[in-house]
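Comments concern the structure below.
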Amino acid sequence: MRTVKAFAPATVANVSCGFDILGFAIEGMGDTVQLIENNSQELRVVSITGDGGRLPLDAAKNTCSVAIQALLDELGIRLGLDIHLEKGLPLGSGMGSSAASAVAALVAVNELLENPLEKKDLLPFAILAEKVACGAGHADNVAPSLLGGFVLIRDYHPLDVIKLPVPSELHCVLLHPHYELRTEDSRSVLRDQIPLKYSTIQSGNVGGLVSGLFLSDYGLISRSLRDVIAEPYRAVLIPGFYEVREAIKSAGSLGMGISGSGPTLFSLCQGESSIPGIISAARKVYESMGLGVDAYHSAINTRGAFVIE
Ligand code: HSE
């Protein structure tokens, strides 16, 4: 029986100004999916570790099996697979947990089928799985998890995904406070209408951030990390948001925002020298609020998801 194992990394979606259209991948953390062919012609979610028993084993609801089934249906293939998911990412953290599971599953099944699809063509199936997992088919976690680096979703209909350059000194700090925020809840506080003046500010910053990445202009990146559309509404769901942002400013943060739908916060920085100061300043704020926090740092992951064996 054939077997394949694949890994997909955690991601930071939105990157402040790019709500639903910008994201990047981080090193080290992510989910692993192993597929083992079976004789049943059915997808079976056999084991999930690292989720505290909370994710569904029902193949109609699990993000891995939903993604795989969509791909098999598109290719007109019937295949029996046992799915083993190792969660390396906390649920409801804003680090692209559901996206990493779906992407790892798709990369694994594509390899098992001897790669009938190019990596980027796996994206629509991952978006579908995101919709099942959190009610919204956004691509700003699945695209960077799959492709690595910084990714812009220029359009969803039809899908137009653009890989952006990654300045070599760019690093990221992630601050994950010990509580959960469901993407559905964090999306429900957003407004349907955007005042024209905010649309102007946001467009300027998206353009600025993309230009900053192309030019490796860290000052421009820093000035562009501003979100007037989602952050003001979401910040109220995230204790310590403004205090942490203020505290890490003088520690060398280029800018800070909500990672995806939160509650994890991300900060970009140039080089690694400011990382210890950023983490220690943030920790002090969380401690003063009685909140536990896990801090990670990483370069930008430019590889994306890959087959392990
Ligand atoms: N763009 C999505 C949102 C990302 O902000 O809701 C969710 O991780």
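A Cβ is built for glycine as well, from the same backbone N, Cα and C atoms used for every other residue.
Features as listed in TrEMBL:
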BINDING   P90, L91, G92, S93, G94, M95, G96, S97, S98, A99, A100  ATP binding site
DOMAIN    65-149  domain 'GHMP kinase N-terminal'
DOMAIN    215-287  domain 'GHMP kinase C-terminal'
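The Cβ of G96 (ATP binding site) has 34 neighbouring Cβ atoms from other residues within 10 Å, across all protein chains displayed. Secondary structure counts, DSSP: the domain 'GHMP kinase N-terminal' (65-149) has 49 helix, 7 strand, 29 coil. Note on the domain 'GHMP kinase C-terminal' (215-287): DSSP counts are 37 helix, 10 strand, 26 coil.
In terms of local Cβ density within 10 Å, G94 ranks first among the binding-site residues P90, G92, G94.
Shown are the binding-site residues S98, A100; the one with the most C-beta atoms within 10 angstroms of its own C-beta is A100. Cβ atoms within 8 Å of the centroid of the Cβ atoms of P90, L91, G92, S93, G94, M95, G96, S97, S98, A99, A100 (the ATP site) belong to the same-chain residues A10, L89, N141, G260, site residues excluded.
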